[in-house]
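S.K.: Sharing the features that TrEMBL gives for it:
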type     : residues : note
DOMAIN   : 36-116   : domain 'Ig-like'
DOMAIN   : 128-227  : domain 'Ig-like'
SIGNAL   : 1-20     : signal peptide
TRANSMEM : 231-256  : transmembrane segment
Amino acid sequence: IFILPACFVFILLCYFSVLAVVLRTSNDSPWTDEFDKIELSCLIESISTTNPRIEWKKITNEGPSYVYFDKKISGDLENRAVIREPATLLITNATRSDTAKYRCEVTAADDQKSFDEIVIDLVVRVKPVVPKCSVPKSVPFGKSAELSCVEEEGFPKSQYQWFKNREEIPDDPKTSLKFFNSSYALNAETGTLKFIAVRKEDAGEYFCRAKNDAGYAECAAQKMEVYDIDLLGIILGVLVVVIVLLCITVGICCAYKQGYFSSQKQTGNNYKVPAKGDGVDYVRTEDEGDFRHKSSFVI
């Protein structure tokens, strides 16, 4: 009584499993480095349809777009990908723009369960480029200082390390005897190294390293000096400047009083015609345009 129903159920399960398309993948979160190849496996465990329809779609924030449709590679992966039978997608030259979710869809018209899909999350890692580092050349003793490090090409996003004289600076200065007396804050996410109050011991050569899962890159070492503020020298310098300005002002006032700065201006039109002498006339002839004089006697 109980044997027949069990056999019947088993037969039904076998029947429906044969008439159902079922997909699986060997890795639903693959990754690769940029310019390497990567396989997005889409394996068909069971199917009855001899010629199923296979499609691949790339899913981004803008929505899905076709990668493989009507037995052709299209979109960004054209000429950079192939299909390995029956449905696996092989990217031969991955780039950073390929990082996305991909959906494999199989439609089998002759199967009882005629459709199945799997989603694969692909990450293409990009090695960081040389970061841009900023290190102040000189800082007054006891003052604050900030060192910055920026790298925007790497994927996943870079983490940052700072080095002084080729030795890594710990996140917490209290964990190292060499940096125990330093007062700074290091942010591995943003790449900033902030000194609250610079000490003489903080002088040295600094460089930054940007790293992620694909590798790392470093900027060239830059020297930071720490100097004392000479308050006495600054005060004396200010006094000298004040005295010089005062002497100049007094000198200008004295010059005015002595009449060295005249308010009258001499021009070329101030020529005065000499007075006529008695009995002498000055005549200008029209032909010659010069002055001649003739004597006349008054009787």
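Every residue gets a Cβ built from N, Cα and C, even glycine.
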S.K.: Quick check on the domain 'Ig-like' (128-227): DSSP residue counts for helix, strand, coil, in that order please.
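M.R.: Here the numbers are 6 helix, 48 strand, 46 coil.
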S.K.: Helix, strand, coil: count each for the residues of the domain 'Ig-like' (36-116), based on DSSP.
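M.R.: Tallied per class, the domain 'Ig-like' (36-116) gives 6 helix, 43 strand, 32 coil.
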